[in-house]
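Shown next, in structure tokens, is the structure this report addresses.
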């Protein structure tokens, strides 16, 4: 490139004049559009993304701290996979810290007894059961703009039925009506969400695309707008049913972070959901204690500081319930190791490799135990 072109690429004005011009235009923009309409990224304390705990330590790790404040989150998965349970735990965490939460129950299926058993203060939880999708999203918009609500949950996108479809006859086609509704709503409320610091969680259902031969036929309802506007998308699946004998008492859930704009994506977290009790916090702690080496598992036995504390996972969790002081010490040690940079499956940058390593270790453990017995 010629030398004169290189020199022409830079501003010939002295740096003092450029700074003065920049300050003038910044002042003009703030006068026209309000304070905070433009800022230097390094000067903006609001640009630091704070988080809300999910209620599961493994999922908090996978998300980089929890659900981001002032962002849109989408949680999707098959039926009975734990979507609503996740949001109820988030509501409980917000209320514990003195925050205000709202639940927009478009499915008209909220169980207040179950919510209370998970720690939700149902007396102070704001609940709306809207008649139409437009009504639901308008309520969300007004709650967000009030800047007085910390968390809004919408259950679910699939149940946000457009007014035209409700007022029409059964069997009438309303092609793309829900997708247009969601697209308009996202354009309208996303800016307000960022300004207010309110987190909005949309639950979504899965559908199957017709005629897909190759690739994943699954898709979510409501069009593509939510996929783009969401800062975090979580794919939750039920991978195991927990049993005591023939009695089922819970499920093992796996969450994949399908999208994350505030932390590395594609991490995987697993945790237990107990029927009537929600996420097993002690189960999450035991998983992380084993992965960080605070608790050691040999065969079916778990040991802590050289002493056996339980045979089998369920007995070990029972021991942790009966010994809260030791459990608190274990949690402190686990958090210390995680702070120091210990890599576990939930915060691994190679989640698939970590999952394969864990699976291989699980398979080899019984073989080693049988060799030792022989």
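Keep in mind that glycine also has a Cβ here, set from the backbone N, Cα and C atoms.
Since this is a predicted model, take the numbers as computed values, not measurements.
Range annotated as region 'Disordered' by Swiss-Prot, chosen from 335-354, 355-374: 355-374. The number of other CB atoms found within 10 A of the CB of residue 81 (ATP binding site), across every protein chain shown, is 22.
Between the binding-site residues 77, 78, 82, the minimum number of other C-beta atoms within 10 Å of a residue's C-beta occurs at 78.
Same-chain residues that are not part of 77, 78, 79, 80, 81, 82, 83, 84 yet have a Cβ within 8 Å of the Cβ center of the ATP site turn out to be 236, 238. Other Cβ atoms within 10 Å of the Cβ of residue 79 (ATP binding site) number 8 in total over all chains.
Residue with the densest Cβ environment among the binding-site residues 80, 84: 84, by other Cβ atoms within 10 Å. Secondary structure at residue 83 (ATP binding site), taken from DSSP and collapsed to helix, strand or coil, is helix. Secondary structure at residue 78 (ATP binding site), as computed by DSSP, is coil.
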